[in-house]
Amino acid sequence: MNLCRECYGIIGEGVVAEKCEACCNAFDRVEEFAEEIVKKMSEYEFETFNVGSRVWGSLKALQEYLSLKGIEYEIKQRFNTKLARAIEEKTGSKRTLNPDITVLFDLETFTFELQIRPVFIYGRYLKRVRNISQTRWLCGYCNGEGCEVCNFTGKKYVSSVEELIAMPAVRLFKARDAKLHGAGREDVDARMLGTGRPFVLEVIEPRKRFVDLKELEEAINSQKWVAVRDLEYTDAEKVREVKTERHRKTYRAKVVFEEKVERERLIEALESLKGEIRQRTPMRVSHRRADRVRVRRLYDARLIHHTGRVAVVEFEAEAGLYIKELVSGDNGRTRPSLAEKVGVNARVDRLDVIAVS
C-alpha cells in the first residue's frame, strides 16, 4: 500500500509514496485546510478553540480491514493534533476543552463546519405590561405560518419577554438567535415587578462575544414593556440552576368576591389559609400539564386593602402554587382556597408578581 509518511508511521508497513492510499494525503494538506478554516473562523470573535474529526465511508472501511490484520489505524487523534497546531500558529489562540469555537473536520470529504459556543447572560427581568407571554408563543391555528386568526403574525400574542430581550442581544452580538431560560414564569396577564425574575439568555452562534453588557441593558430598557437589571456573563450550568432552583415568590392580587365580605372575616380566612395547599392541575392548564395533585406551601397571606366586594391581597408562596386557583378554588381542585374559607365565590381580577427570592 502506498502511504504518506504519517500513515506509514501509524500503520508500520507499506511503501512511502507521493500519493497516500490511506488518508488521501490529508496530512500533507493540513496547512491548506488550516488556512481555509482560519479564514472562516475570522468571522467570529474567539479566544479558544478545539478540533474534532469524523471518520466514515472508505476511511472507516480501511480502519476495519486493517483491524482484522491486527493493525490499529488511528488517524483522528494525530490529524486533530496537527490541524490544531497549525491553527494555533496562525491565530495565536489556544486549543482547550469547552472552547469558543469547535472545528469539526470530515476526513472523508475534506469539508468542515464550525460549532460556535453560545454566550450565556444572567440577569433579572421586569415585565411592565400585561398580555405578553414570557417566551415566543406560536398561533395554535397555523403553528406560526400566519393566518387570519393571528392577523398573519404567526404568534398568539403580539410579543414576548423573550423577543424583547433577545432582539437587542441578537443585534449587538451579531447572533443567529437568542433563547430565554426563566426561573419559572408568570401568567400572560400578570406583570413581573419588584426586583424582577431571574433568567439566563442563551445567545446562539454569536459573531461577537465581548459585548459591553451595560450597552445591552440600555438597549433593552429603552423599550416600554420590558426592562432588565444586574446583567452578567455566566455559563451553561447557570441555566440548570435557574430552571431547577425552588424560588419563593410574592404576589399581589386584586380579588373580587361575588358579594360583600366583612374585613375581619377576610383577615381570619387569610390567616387560616397559610400552610399546606393541595392543588390538582388547574383546568386552564390541563391541556398542557400532567393531571396530578401537587402539594405546595403558602407562607403568608396579607390583606393590603379592602372595600366591600374588592380586596388587594399579598401572597407569599412556594414556587409552583397557582394563585388564581388558590383564590377561586377551581371547582374544588384546589383545597383549601380563599373562596372556601370565606364561603363566598371569588376570583383574581388582576395579578402581579412582586418578588422572586
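Cβ from N, Cα, C; glycine included.
Among the features that Swiss-Prot reports, domain 'THUMP' is placed at 1-118, with the record citing sequence analysis.
Annotation source Swiss-Prot lists active site, nucleophile at ASP187. If you draw a 10 Å sphere around the CB of ASP187 (active site, nucleophile), it holds 18 other CB atoms from the protein chains shown. ASP187 (active site, nucleophile) carries neither a helix nor a strand DSSP state and counts as coil.
The substrate binding site annotation in Swiss-Prot covers TYR251, TYR322. Note: TYR322 (substrate binding site) has non-local neighbours GLN279, PRO282, VAL285, ASP330, THR334, i.e. same-chain residues 6+ apart with C-beta under 8 A of its own C-beta.
Here ASP187 (active site, nucleophile) is positioned 12 angstrom away from TYR251 (substrate binding site), judged by their C-alpha atoms. DSSP gives TYR322 (substrate binding site) a coil state; it is part of no helix or strand.
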